[in-house]
Amino acid sequence: MAGGITDTGELYSPYVGLVYMFNLIVGTGALTMPKAFATAGWLVSLVLLMFLGFMSYMTTTFVVEAMAAANAQLRWKRMEKRKEDDDDEDSSSGVSDSDVLLQDGYERAETRPILSVQRRGSPNIFEITERVEMGQMASMFFNKVGVNLFYFCIIIYLYGDLAIYAAAVPVSLMQVTCSAIGNHSCNVGDGTKYNDTDKCWGPIRRIDAYRLYLAAFTLLLGPFTFFNVQKTKYLQIVTSLMRWIAFILMIILALIRISRGQAEGHPSMAQVSGIRNLFGVCVYSFMCQHSLPSLITPISKKRHVNKLVLLDYILILAFYSLLSFTAIYCFRNDTLMDMYTLNFTNCEIISVAFIRYFLGLFPVFTISTNFPIIAVTLRNNWKTLFHREGGTYPWVVDRIVFPAITLVPPVLVAFCTHDLESLVGITGAYAGNGIQYLIPAFLAYCSRKDTQLVFGSGTVNKHLSPFRHTFWIVFVLIWGFSCFVFVTANIVLSEPKL
């Protein structure tokens, strides 16, 4: 994410890539979607979910196309470098007395279309073999202002991510432990509304318990921001397994309750007031564009990568719909919680204590493993943004200042509010909007211009997006900027929740 070209890693089959993308997209956002569905109405939610899924798929193909264009340019630069080295060797042997024309000829070759690339036996010049992160693509295709805007957007998004994670873990711990220890055992998911000033344990209020858990979370996981951490293969397997057990359990339990006639939900068709948060949650829940280089590059056969991505989006859309519809018909709107797993900590829903605690504490385990990784990614983006060629940072700046400005702001936001629906909604509606719509559209436009300039107008990118007409780029840009205006006006005109 911080930019630069990294190793591709071990190759895997297209179907393994499909599973990895599914696991990446279906994360924390899915847990806040049922509440967003209930507040916006089922018909509006379904239509918006399908439309935003389509838009996200379109911009995903834009990023894949830009990745192929970046690989082609890197490959061409290496070819030119080898040619230049060969020319230098020839000139050093004193064969020609027209050396003064070599540099002029090279400069002319740089400015004219290079049609000979395709003709000379490089049919796979657009093959995606090197992992070029979005920051590197921005540096290749954008000007200085565009690069800075890209990093600003990605940094704001990662701050929002960390604030959501920092709030979600203490909220889950507070809800589960306060109900288990206090006078309302098993009632956390029964629709009882608690205030932050209600008692938790003796003189300790619920908000005090939340902040104690937040402090413990920060002390335990915050230090990882000051070091380098990597997500191991086994950690991915364990967290993915826990995620799927939790999601399947929630869907099955909701279906059982509905089939027994115990469903309490009567969702409305449309509520305009809930669209803002629904929009942000949906954008956040389809977010994968910033991680596509890591997902797509190791796929062994990329011939049908766009069809593979389309299949993934169809499956994810079906899963989100199933999870949300079972939720809004199983539970009353006013009982659905920001973190959907907490609805299953009620004894009347689940009699088995182990399952109640597993679902109630599920976000704690999965989010805790992701927090250090996101934090290190954000820290590295800060370093890249201020990096100057050939320069190095003092030890204090490198090891103290950058980790501190990474960790402190999201913890402060989580200290001030634990309204997860609003945090997810605002993060998705603003920074997520830029990453998912605006940046991919600009990458597609600029990479197409550069490709035509370098390789000629007749060159075709083998990974060209199915939405190749300029109309689609303009449409995405208009949609993205319109969303900024709509969300901002909605926040200004309505009473803010934060």
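Placement of Cβ uses the backbone N, Cα and C atoms for every residue, glycine included.
TrEMBL: automatically predicted annotations, no manual curation.
Under the heading transmembrane segment, TrEMBL lists 12-33 (among others). For the transmembrane segment (12-33), the list of distant contacts is 164-165, 168, 236, 240, 243, 247, 281-282, 284-288, 291, 295-296, 298-302, 304-305, 308-309, 311-312, 315-316, 319-320, 323-324, 338-341, 363, 366-367, 420-421, 424, 428: same-chain residues at least six beyond its ends, Cβ to Cβ under 8 Å.
The feature domain 'Amino acid transporter transmembrane' is assigned by TrEMBL to 20-67 (among others). For the domain 'Amino acid transporter transmembrane' (20-67), the DSSP counts in helix, strand and coil order read 45 helix, 0 strand, 3 coil.
Counting residues 6+ beyond its ends, the transmembrane segment (39-72) has Cβ neighbours under 8 Å at 125-130, 132, 134, 136-137, 140-141, 267-271, 273-275, 277-279, 282-283, 286-289, 292-293, 296-297, 305-306, 309-310, 313, 316-317, 320-321, 324-325, 328, 333, 421, 436-437, 440-441, 443-444, 447-448, 450-451, 455, 461-467, 472-473, 476, 479 in the same chain. What TrEMBL lists as transmembrane segment is 39-72 (among others).
The domain 'Amino acid transporter transmembrane' feature in TrEMBL is assigned to 135-467 (among others).
What TrEMBL records for 141-160 (among others) is transmembrane segment. Here the transmembrane segment (141-160) has Cβ contacts under 8 Å with residues 1, 66, 69-70, 134-135, 290, 374, 377-378, 381-382, 384-385, 409-410, 413, 423, 426-427, 430-432, 434-435, 438-439, 442-443, 446-447, 450 of the same chain, all six or more residues outside its ends.
With a cut-off of 8 Å between Cβ atoms, the residues of this chain six or more beyond the transmembrane segment (210-229) that come close are 166-167, 169-171, 173-174, 196, 204, 368, 371-373, 375-376, 379, 399-400, 403, 406-407, 411, 414-415, 418. Annotation comment: TrEMBL describes 210-229 (among others) as transmembrane segment.
Residues 23, 26-27, 30, 319, 322-323, 326-327, 329-331, 340-341, 344, 349-350, 355, 358-359, 362, 365-366 of the same chain lie 6+ residues outside the transmembrane segment (241-258) yet bring a C-beta within less than 8 angstroms of a C-beta in it. According to TrEMBL, the feature transmembrane segment maps to 241-258 (among others).
Sequence annotations record features per position, and here TrEMBL assigns transmembrane segment to 278-296 (among others).
Taken from TrEMBL, the feature transmembrane segment covers 308-329 (among others). Residues of the same chain lying 6 or more positions beyond the ends of the transmembrane segment (308-329) and with a Cβ under 8 Å from any Cβ of it are 14, 17-18, 21-22, 25-26, 30, 33-34, 37-38, 42, 45-46, 49-50, 53-54, 56-57, 60-61, 64, 247, 250-251, 254-255, 258, 263, 265, 267, 285-286, 299, 336, 340, 343.
Residues annotated as transmembrane segment in TrEMBL: 349-378 (among others).
If one looks beyond the transmembrane segment (471-493) by at least 6 residues along the same chain, the residues whose Cβ comes under 8 Å of a Cβ in the stretch are 55, 58-59, 62, 275-276, 279-280, 429-430, 433-434, 437-438, 440-442, 444-445, 465. Feature annotation from TrEMBL assigns transmembrane segment to 471-493 (among others).
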